[in-house]
Amino acid sequence: MLIKTLSSLAIASLGFAMTQSAAAEEKVATHQQAQQLEQPLPPASAKHAPTKEELTKPNPNLKIEAVNEKFAKDFPRQYNSWASTSKQTEFHPEVEEDPRMIVMWGGYAFAKEFNSPRGHVYAVTDVRNILRTGAPKDANGGPQPMACWTCKGPDVPRLIAEWGEEGYFSGKWAKGGAEVVNSIGCADCHDTTSQDFKEGKPALRISRPHVLRALDLESVGKTFASSDRTDQRAAVCANCHVEYYFDKTTGANNVVFPWYKGRDVDSIEKYYDEIEFKDWEHSISKAPMLKAQHPDFEAWSMGTHGKNGVTCIDCHMAKKQDKDGKVYTDHQVVGNPATDNFENTCARCHDQSKETLVKTVEQHKKDVKEVMLKLEDQIVKAHFEAKAAWDAGATQDEMKDALKAIRHAQWRWDYSAASHGMHIHAPDVALKVIASGLDRAADARAKLAVILAKHNVQQPIQYPDISTAEKAWKVMGIDIEKERKDKEEFIKTVIPQWNKEAISKGLILTAPPTTPAK
Ligand code: HEC
Ligand code: HEC
Ligand code: HEC
Ligand code: HEC
């Protein structure tokens, strides 16, 4: 890799004379992150999820301004660039493009709809519109818990301050419908009430108590507050771009990061196995499944850039100069900085041409995707083979080990698939995780072959046709037309009520955007 020497990375030579925020503090490449990750972790058995008593209590003194528009006047550059994430309208309907996912998520809401991410300002709109959240008619209806709002915007830390963690997390998703109405914004990442922020300094803050707990646990004696600026920058993205689970032991369905043994795929799996956690039971194989969320932070920290202290900010929120020569942080968190912001990002450190680096990223993507699809094929077959074994009279005892292997195979697939951009953040890690998934899938299928033979099932079994999403939904017993009709009705009747209530309470000035056409 052609890399500019570290001295040439010095901010001054790049013409980025940061105004108020001390440029000297800027450490583009530090090995601290890597060293930190290599430190031994605290004893694994020491602690698990927090108890009910440990959840943060309401804090009436903490005032969080969640209305992003209120910062427009004092911080026009940051505000306008933040608002321009509205230009990033595109996303892919993933399960429709790859119907294998509909089988792999059998019995879980993801099988209905799962899309690639887009601009930050759409977070509230998209969680309202997605089929996964259903069509609740009142605060107690619908399939999902409150926790589903947790990475959508600054109303979340506001509500946690007002209601406490238990008060926030308990109840159904619809309870927060007229409350979580501002998309990912200023108070998610900044201590907006601080003097530093008023003076135009970043004053980065971890706004969610469960995130702070996880970061402080992992950093072994070095809390978020005592981390340097480089570590703090990546940590604000870890508010949301991480793997987490909903802990049911407190009765509140609160969000916990499973980092107690480490952040890699094996350590998290070990933790989940130890606490016997499952997100759901698969509808046809009956395997106790895990759903990976989006371990972007974890994957990044294991990749070359993460280990060299090149943070999310260096690529997704690079510094920019406006017409008056003022340098500021570009808040338009772009999806692909290599194609869309090359000069301000990659080119600061790399000597290769844009064409070369974009091609490198595309090649990584192609390589990872190719093996990922092979793993999906194996997992899909394993689910159907498990169903055939149950149908032939296999017992729980016979099936136990095969089902565990399916769980582990799919967890490994999901960890690499759900970490959006893992092919650039840590391509070598992605390939290794997928290879280990193939190993688990082979193990599952070998075990299932023995069970099927024992029960006189002729092999290979007949696999159903899942070549289109429509066919796959049918096979898996999902009435997608009904889901869509209910959602349409919900958008027409319930959403306007939520908006009206939120506007009348002064929580938003205008309603969140409606979805621009795909
Ligand atoms: C996703 C997290 C995130 C959100 C949302 C966010 N910021 Fe920032 N902001 C950052 C980061 C990261 C920096 C740069 C920190 C650094 O350079 O160390 C920054 C820097 C700043 C600074 C310091 C000056 C500068 O430009 O570097 C100001 C002021 C600021 N943001 C205002 C805002 C305002 C106003 C909003 C809402 C419209 C907002 N931010 C939303 C993460 C965020
Ligand atoms: C409060 C939670 C939250 C925080 C903090 C946050 N994100 Fe996001 N991010 C999201 C969600 C949710 C989406 C998906 C939005 C959608 O598709 O509607 C997203 C989408 C994205 C995308 C896709 C954009 C596109 O146009 O394709 C990128 C890139 C991204 N985030 C990077 C970051 C980085 C870098 C940081 C830290 C500076 C960060 N995010 C902080 C929740 C968050
Ligand atoms: C070295 C630069 C670099 C760093 C550091 C980096 N990213 Fe990325 N990221 C990229 C590129 C390039 C892509 C687009 C890959 C593609 O589309 O093929 C991307 C993609 C993404 C996406 C998916 C966007 C989409 O629309 O699919 C998310 C989300 C994301 N990054 C978040 C993060 C977070 C969070 C961090 C830090 C924990 C981070 N990135 C660190 C360069 C970087
Ligand atoms: C702040 C500096 C910095 C920025 C910005 C940066 N890189 Fe890097 N990049 C590095 C360093 C340091 C390495 C490691 C070099 C080594 O170990 O020889 C690296 C390595 C790489 C590698 C090879 C390792 C791997 O993980 O495959 C690729 C590819 C790469 N960068 C692509 C990109 C792209 C694309 C962008 C822009 C989206 C980008 N980088 C932005 C500093 C940076």
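Even glycines carry a Cβ here, placed using N, Cα and C.
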Kindly point out which candidate in His190, His423, His425, His455 is recorded by TrEMBL as part of the heme c 4 site with Cys312, Cys315, His316. His425
Pick from His305, His331, His383: which one does TrEMBL list with Cys346, Cys349, His350 for the same heme c 5 site? His305
Name the residue, out of His120, His364, that TrEMBL lists for the same heme c 3 site as Cys237, Cys240, His241, please. His120
Per DSSP (helix/strand/coil reduction), His350 (heme c 5 binding site) sits in strand
Sorted by sequence, non-Cys186, Cys189, His190, His331 residues with Cβ within 8 Å of centre, heme c 2: Phe71, Gln78, Trp82, Gly185, Ala187, Asp188, Thr192
Report the largest Cα to Cα distance, in Å and rounded to a whole number, among the residues His305, Cys346, Cys349, His350 that the record lists as binding heme c 5. 12
Measure the Cβ-based neighbour count of Cys312 (heme c 4 binding site), defined as the other Cβ atoms within 10 Å of its Cβ. 22
Cβ within 8 Å of the mean position of the Cβ atoms of Glu243, Tyr244, Lys291, Gln293: remaining residues of the chain near Ca(2+): Val242, Tyr245, Pro258, Ala292, His294, Pro295, Ala418
State the Cα to Cα distance, in Å, between Lys152 (heme c 1 binding site) and Cys346 (heme c 5 binding site), rounded to an integer. 28
Considering only the binding-site residues Cys151, Tyr244, Cys312, which possess a Cβ situated under 6 angstroms from at least one atom of ligand 4? none
